[in-house]
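Engineer: Below are the features I grabbed from Swiss-Prot:
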type: TRANSMEM; residues: 4-21; note: transmembrane segment
type: TRANSMEM; residues: 30-52; note: transmembrane segment
type: TRANSMEM; residues: 62-80; note: transmembrane segment
type: TRANSMEM; residues: 89-111; note: transmembrane segment
type: TRANSMEM; residues: 147-169; note: transmembrane segment
type: TRANSMEM; residues: 204-226; note: transmembrane segment
Amino acid sequence: MNEYLQAVLMILLTIVLYYVSKKIQDKYNNPLLNPALIASIAIIIVLLVCGVSYKGYMKGGTWINHVLNATVVCLAYPLYQNKKKIKKYLTIIFTSVLTGVVLNFVLVFTTLKIFGYSKDTIVTLLPRSITAAVGIEVSQELGGTDTITVLFIITTGLIGSILGSMLLRMGGFKSSIARGLTYGNASHAFGTAKALELDIESGAFSSIGMILTAVISSVLIPVLILLFY
């Protein structure tokens, strides 16, 4: 098959399956029917049935990645709209995100050390709550396995976006600041997309939570590894 045609088909496949998955979620309003999860499973099934390799899919997937990188800039819009509120609560925002990052590191690092996992495994799994673009770089720089890092980043994001609403309701969190920061800190881009579905203010705080988590983590992970190894 012509490479250009295959790329176009893979792009169309992704868009159509995501659109259908989103319609299914809208109809049944079930958090388990996450469109990213359903679309991913559907794409895998189609690729397996049609005998298309990952390399073949990425002929179109690469272009989607380029578009996604550009759409990150759009996250600046809700930040701009809520700049006064963000400035007002900046200390609380930074403290909350820093606490979340540290607790995540302590939990992951301690658990893996107790079970005797190697440095490479620890480095691979520590960036799981960072947005993929930064998490992959951190993992590669410190000797982790980036493909496994990506898997855990996606899994973490999906779990957070699926269970986030339920956990926030159970915890009684109704503030857009609390909801947004929780989504951004725990489940990066997936969580931010979910927060934007709630309201634009939650999306803004999720965006800043995601950004701060990436920045703080990219500084603290190398320091943590340096201290213990």
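Cβ atoms are placed via backbone N, Cα and C, with glycine included.
Remember, predicted model here, so these are calculated numbers, not experimental data.
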Engineer: So if I exclude everything within five residues of the ends of the transmembrane segment (62-80), which remaining residues of that chain have a CB under 8 angstroms from its CBs? That is, six or more out.
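Structural biologist: Sequence-distant neighbours of the transmembrane segment (62-80): 7, 11, 14, 86, 133, 192, 196, 200-201, 203-204, 207-208.
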Engineer: May I ask you to check whether the transmembrane segment (147-169) and the transmembrane segment (4-21) make contact, with contact taken as at least three Cβ pairs under 8 Å and only pairs 6 or more apart in sequence counted?
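Structural biologist: Checked: the transmembrane segment (147-169) vs the transmembrane segment (4-21), no contact.
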